[in-house]
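Going by TrEMBL, these are the annotated features:
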BINDING   His85  heme binding site
TRANSMEM  36-54  transmembrane segment
TRANSMEM  66-86  transmembrane segment
TRANSMEM  107-129  transmembrane segment
Amino acid sequence: MSGSEWTDPRPMSPHLQIWKWHWTMAASIFHRVTGVGNYLGAFLISVWVISIAAGPEAYGVVEGIMLSPVGQILLFFWLTSLLFHFANGIRHMIWDGPKAGFNPKTASAWSVFNFAFAIVAAATIWSLATNLF
């Protein structure tokens, strides 16, 4: 069938312009993004560990980067990424195991909880780690 014979006015495949965004969709996409971010964060931690073995000068350079404002922001985002990925992974295990939570309202509530948990837990851990409490 050539393109000129297509009579259906709908697009041939769904795309983001026709999907109505919802929490579950955002959580699914964010879960994949945080998975990639966690790999990058693990790489940075391995650079930090290697710098310890390389000596005081190398460690000082990496420590200076991690203690800079940009380094602190990256570490906070990585912590948030780890916590979101952890919470969303539990949701996926529940979906795979007892098959609970497939109701759209329940799935959306879990998604909102995962985002809230990641932000609140990261802020709490960060505050405790930096002695702000």
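Glycine residues also receive a Cβ, built from the backbone N, Cα and C atoms like all the rest.
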Sequence-remote partners of the transmembrane segment (36-54) [C-beta within less than 8 Å, at least six residues beyond its ends]:
61-63, 66, 74, 77-78, 81-82, 85
Intrachain residues whose Cβ lies under 8 Å of the transmembrane segment (107-129), provided they are six or more past its termini:
22-24, 26-27, 30, 76, 79-81, 83-84, 87-88, 91, 101
Sorted by position, what residues of the same chain at least six away from His85 (heme binding site) have a C-beta under 8 A from it?
His31, Thr34, Gly35, Asn38
Can you tell me the three-state DSSP label for the residue listed as 'heme binding site'?
helix
